[in-house]
């Protein structure tokens with residue numbers, strides 16, 4: 001029992017800074033929306049449209065680079081720290097190549113925006129302008145993620161938290177300068193949010209690099225002198241590990257986007273209630289997601305040390321802590337769901353629907369926690385391909401079709417509206433949790449030699 005308590009303390013020490021970093025990142029998006037809304041409703045809508053395209057694109061690159069964390073954790077645990085610098089340098093090369101692709105996609109996203117039905121031309125122009133300003137921050141964001149993954153792979157999660165809050169503090173005044181045109185800068189409105197956010201990502205990257213160069217704990221990890229050339233073998237391995245994670249993230253983000261589109265014809269009350277419940281459940285999701293990042297680090301580190309039993313302990317502890325957290329957040333959600341909904345909107349119909357949907361959200365919080373921590377465990381074992389297959393099957397084969405049938409058709413029951421989609425979420429997330437656990441048990445029952453061989457690839 002003592003080993004589980006000790007492991008839980010280590011996991012929470014790693015996870016809490018990740019939680020705070022995620023809060024800072026979420027707050028940046030909130031600040032952009034509020035400050036753009038203060039300028040005009042059109043500018044706020046433009047930022048919202050631009051963000052809906054930016055997020056799937058940049059999260060694809062983010063997911064690809066998440067492969068670095070278990071790789072570095074495993075090298076650190078096995079005492080092969082001299083190989084870490086080369087992996088990081090190749091991560092920077094990969095981030096550079098991916099950022100070019102993302103920038104090309106975002107530059108041409110205007111065709112998608114302008115093809116939207118009944119969109120106001122002025123709104124479309126502002127959304128395109130916002131994206132074309134923001135895309136210059138894509139390399140800065142991805143380079144920052146490489147540096148952050150280096151730190152987190154070495155079990156240093158506090159730097160990412162500090163840089164997140166630095167970014168938030170810089171974002172507010174820079175937003176103000178470019179939105180309203182102060183200190184000789186042009187008045188750009190919502191487009192100024194894109195300029196500010198792009199600049200902030202570069203500031204965060206440079207601040208993180210400055211920390212890494214000065215950190216005593218990383219003195220033995222230095223990038224090669226001069227410019228290291230791309231190493232196709234290392235980059236191929238990072239892509240093999242990272243691409244399934246990237247695709248899983250992409251399909252998860254697009255699932256919620258598709259559901260939002262399917263809900264939109266149902267009316268303002270249904271859309272508002274759905275959005276409130278989704279926004280709140282997304283805030284609660286930060287807790288298990290951050291714990292999953294910590295579990296990846298611990299499992300990778302223990303496998304690097306050659307201890308499959310300690311890796312199992314880290315995995316089980318992460319799941320137990322995650323279930324306890326999810327139980328508490330579910331009780332909190334059920335108890336205060338109406339009061340929470342009132343913070344967003346005071347329309348009685350909207351509040352009633354949002355409170356009902358939050359009840360369904362409370363039901364799936366334990367499943368959601370298990371599936372996301374299970375994903376973190378599998379990343380630690382470098383078993384990322386199964387994450388993609390499980391996520392795709394659970395969300396797009398089981399969750400979305402069942403939600404569609406319940407919400408919009410009378411094949412099973414009378415059309416349930418948004419609640420049908422939320423029952424679909426429960427089906428999808430519970431299926432994902434079950435499949436993640438089955439895969440984890442399958443891996444852990446392999447002979448230790450095979451597990452360690454797979455982890456050292």
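Backbone N, Cα and C atoms are what each Cβ position is placed from, and that goes for glycine too.
The annotation topological domain 'Cytoplasmic' is assigned in Swiss-Prot to 1-10 (among others) on the grounds of sequence analysis. Beyond the topological domain 'Cytoplasmic' (1-10), the same-chain residues lying 6 or more positions past its ends with a Cβ under 8 Å from any Cβ of the stretch are 298, 313-314, 316-317, 320-321.
Per Swiss-Prot, the feature topological domain 'Periplasmic' maps to 32-52 (among others). Packing against the topological domain 'Periplasmic' (32-52) from elsewhere in the chain are residues 113, 120, 122-123, 126-131, 134, 171-172, 175-176, 179-180, 189-191, 193-194, 196-197, 257: each is 6 or more residues past its ends and has a CB under 8 Å from a CB in it.
Marked as topological domain 'Cytoplasmic' by Swiss-Prot: 74-92 (among others). If you take every residue in the topological domain 'Cytoplasmic' (74-92) and average the pLDDT, you get 86.
Look at Swiss-Prot and you will find 114-126 (among others) tagged as topological domain 'Periplasmic'.
What Swiss-Prot records for 148-159 (among others) is topological domain 'Cytoplasmic'.
DSSP assignment over the topological domain 'Periplasmic' (181-188) gives 0 helix, 0 strand, 8 coil. Residues or ranges marked as topological domain 'Periplasmic' in Swiss-Prot (evidence: sequence analysis): 181-188 (among others).
The DSSP breakdown of the topological domain 'Periplasmic' (264-275) into helical (H, G, I), extended (E, B) and coil residues amounts to 11 helix, 0 strand, 1 coil. The feature topological domain 'Periplasmic' is assigned by Swiss-Prot to 264-275 (among others).
For the topological domain 'Cytoplasmic' (297-313), DSSP puts the residue distribution at 14 helix, 0 strand, 3 coil. Positions annotated as topological domain 'Cytoplasmic' by Swiss-Prot, on the basis of sequence analysis: 297-313 (among others).
If you look up Swiss-Prot, you'll see 335-349 (among others) marked as topological domain 'Periplasmic'. Sorting each residue of the topological domain 'Periplasmic' (335-349) by its DSSP state yields 12 helix, 0 strand, 3 coil.
Annotation source Swiss-Prot lists topological domain 'Cytoplasmic' at 371-386 (among others).
Annotation comment: Swiss-Prot describes 408-417 (among others) as topological domain 'Periplasmic', evidence class sequence analysis. Residues 262, 266, 270, 423 of the same chain sit 6 or more residues outside the topological domain 'Periplasmic' (408-417) yet have a Cβ under 8 Å from a Cβ within it.
Remote same-chain residues near the topological domain 'Cytoplasmic' (439-457) are listed as 74, 78, 237, 300, 303-304, 306, 308, 311-312, 315, 374, 377-378, 381-383, 386, 390 (criterion: CB distance under 8 Å, separation of at least six residues from the stretch ends). Taken from Swiss-Prot, the feature topological domain 'Cytoplasmic' covers 439-457 (among others), and the record attributes it to sequence analysis.
According to Swiss-Prot, the feature transmembrane segment maps to 11-31 (among others), an assignment based on sequence analysis. Listed as Cβ neighbours of the transmembrane segment (11-31) (distance under 8 Å, sequence separation of 6 or more from its ends, same chain) are residues 51, 152, 155, 157-158, 160-161, 163-165, 167-168, 171-172, 175, 197, 200, 283, 286-287, 289-291, 293-295, 297-298, 314, 317-318, 321.
Marked as transmembrane segment by Swiss-Prot: 53-73 (among others).
Per Swiss-Prot, transmembrane segment is recorded for 93-113 (among others). Cβ atoms under 8 Å from those of the transmembrane segment (93-113) belong to residues 49, 53-54, 57-58, 60-61, 64-65, 119, 124, 127-128, 131-132, 134-136, 138-139, 142-143, 145-146, 230, 235, 238-239, 242 of the same chain, restricted to positions at least 6 beyond its ends.
The transmembrane segment feature in Swiss-Prot is assigned to 127-147 (among others); the stated evidence is sequence analysis. Same-chain residues lying 6+ beyond the ends of the transmembrane segment (127-147) with a Cβ under 8 Å from its Cβ atoms: 45-47, 49-50, 53-54, 57-58, 61-62, 65, 68, 88, 91-92, 95-96, 98-99, 102-103, 106-107, 109-110, 113-114, 163, 188, 190-195, 197-202, 204-205, 208-209, 212.
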Hey, which of 189-209, 243-263, 276-296, 418-438 has the most Cβ-Cβ pairs under 8 Å against the transmembrane segment (53-73)?
243-263
Before we move on, state whether the transmembrane segment (387-407) and the transmembrane segment (418-438) share at least 3 Cβ pairs under 8 Å, counting only pairs 6 or more apart in sequence.
yes
Proximity verdict for the transmembrane segment (189-209) and the transmembrane segment (243-263), three or more C-beta pairs under 8 Å:
no
Summarise the topological domain 'Cytoplasmic' (371-386) by DSSP state, stating how many residues are helix, strand and coil.
13 helix, 0 strand, 3 coil
If we skip the immediate neighbours and take only residues 6+ beyond the ends of the transmembrane segment (276-296), which ones have a Cβ under 8 Å from one of its Cβ atoms?
11-12, 14-16, 18-19, 22-23, 26, 69-70, 73, 152, 157, 256, 260, 314-315, 318, 321-322, 325-326, 329, 333, 340-341, 344-345, 350, 354, 357-358, 360-361, 365, 368-369, 372-373, 375-377, 379-380, 422
